[in-house]
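According to TrEMBL, the features are:
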- A:346, A:406, A:409: [4Fe-4S] cluster binding site (BINDING)
């Protein structure tokens with residue numbers, strides 16, 4: 001029997017497999033950031049251990065950084081202390097750091113791929129659940145806790161049970177105004193915020209194949225939002241084309257050798273998955289969430305499901321979510337007034353996202369009741385956006401282009417949505433308070449977010465698309 | 001790591017589904033660089049209102065409920081990988097979390113800290129909720145060796161699954177780093193083979 005892609009990569013990284021024990025899994029690449037690493041470095045100090053393979057860990061500061069005036073010292077004391085601690089730890093243990101002010105700084109899941117560090121067939125971990133993003137390159141990539149960050153620093157390995165495998169196939173043509181974000185929000189709405197728990201998901205099918213690397217990253221990024229351990233896409237010409245020539249990508253003879261190996265990275269035709277799901281791209285319209293987990297999503301033209309349509313045991317939690325959001329069941333979201341638009345996060349802060357938004361807002365003006373932030377995923381993206389003149393398009397439309405970081409995705413740094421306010425956000429989580437205490441989040445694609453910024457209301461972007469508009 | 005064998009305790013019922021780690025410990029409290037002190041802000045935005053006053057309707061503010069076992073609705077610990085969630089629950093005083101379904105990363109983080117996540121059938125979790133509603137003093141006994149949870153008032157019990165390796169780690173207080181360090185030679189051999197290929 002053939003192997004799935006996950007099994008191929010996994011098996012190639014098993015250092016030791018003993019009956020009754022988890023596998024010792026070798027980790028090729030480890031990313032760290034300021035929030036989930038300090039206790040891990042502390043642990044090493046307590047045990048008197050060095051970092052075992054410092055060249056295989058890369059650090060950046062992203063979660064806690066301000067997105068304005070990054071050239072000045074961080075004002076918030078605890079944030080500054082945490083970022084300084086990362087700098088000290090990296091210096092002490094010999095880990096490369098792309099900190100504030102470095103041209104490679106940015107959101108950890110944006111810079112890894114952008115720098116050619118994220119490669120097909122690799123095992124990649126980070127103390128952050130959205131590490132699944134790197135799976136877009138055909139890698140096994142997953143989020144870990146701080147104790148595991150310490151394990152990887154100390155041993156370059158993790159103890160892991162082999163995962164179950166699921167294949168999600170999406171076939172067909174996407175409609176106008178429908179993007180990768182809509183595909184993944186649609187899948188999560190179909191299988192729920194827990195539907196992928198325990199699985200590594202391989203995304204396949206003609207729709208997925210037709211996507212750019214940036215779109216594939218958006219899909220894999222949100223695998224964790226259905227509980228999956230990770231998500232991945234078999235590498236192909238699109239993948240190789242993206243990687244070639246990047247800063248740390250293999251070059252010369254190393255490239256040819258790598259390419260030969262990457263070409264073996266696919267699920268065999270007779271491989272068996274533990275679960276298989278199939279969706280039709282034609283069924284997907286622009287999506288938006290209405291509740292407080294990413295599984296609570298609907299097509300933009302649909303009504304919020306009625307409480308009575310929920311399982312009896314689930315109704316109290318369902319009603320709690322709608323109360324928090326200030327939304328009635330059986331009502332339409334279209335036309336609902338909003339206060340903020342956030343375009344950014346490891347889900348949607350790449351050049352493709354910024355270009356799509358710029359194309360759409362060019363010559364338009366944001367609604368006066370809306371504050372619209374665009375936060376690029378990395379310093380390189382910020383520079384590229386400026387080089388392409390997108391900063392001027394955004395400014396003319398009343399959008400503020402800020403500096404790179406996780407920003408308003410997680411209500412940790414200075415960028416927060418005020419209590420009670422509604423934000424249409426391209427990020428990945430709509431949990432209670434995620435964007436700031438009592439903030440209320442509608443997750444959507446960059447285009448749907450941009451449309452809401454222009455009209456000041458939840459809007460079907462398709463009603464505003466012209467022939468020249470990106471779609 | 002903290003050892004775990006058996007525990008008899010009252011329970012704190014939290015019959016809410018999809019409790020994500022942002023609720024357990026909101027991101028704005030993740031600026032600390034040590035593992036201690038997170039219990040103070042456990043479930044902060046459910047526990048306190050905007051002015052910082054305790055919300056009387058939240059279970060942690062209800063003096064009739066106490067104990068070392070939190071019992072919650074399904075898909076507990078979903079979302080962010082922050083281990084701070086496990087630290088906060090433990091720092092507050094919980095040794096066990098019971099649910100009918102756990103998110104993977106949370107479950108791993110809990111096990112790595114000696115906080116025991118116990119997955120039981122939805123029916124049995126509902127019976128624990130009922131027992132606690134009927135009598136807030138009702139106790140459960142968790143026996144890790146036997147892998148059972150017993151409701152003391154009714155003597156109903158259910159078995160739970162746990163990875164045998166993780167079980168022995170909890171009983172003995174070992175952690176994964178000790179285990180892998182012990183296999184250093186195998187790791188180095190693997191690296192050499194990989195470099196040759």
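Including glycine, each Cβ sits where the backbone N, Cα and C put it.
According to DSSP, residue A:406 ([4Fe-4S] cluster binding site) sits in a coil region rather than a helix or strand. Counted within 10 Å of its Cβ, the other Cβ atoms near residue A:346 ([4Fe-4S] cluster binding site) come to 26, all protein chains included. All protein chains considered, the CB of residue A:409 ([4Fe-4S] cluster binding site) has 30 other CB atoms within 10 Å. For the recorded [4Fe-4S] cluster site, residues A:346, A:406, A:409 set the reference point as the centre of their Cβ atoms, and the other residues of that chain within 8 Å of it by Cβ are A:62, A:63, A:107, A:130, A:344, A:345, A:347, A:349, A:405, A:407, A:410, A:427, A:428. For residue A:406 ([4Fe-4S] cluster binding site), other Cβ atoms within 10 Å of its Cβ number 32.
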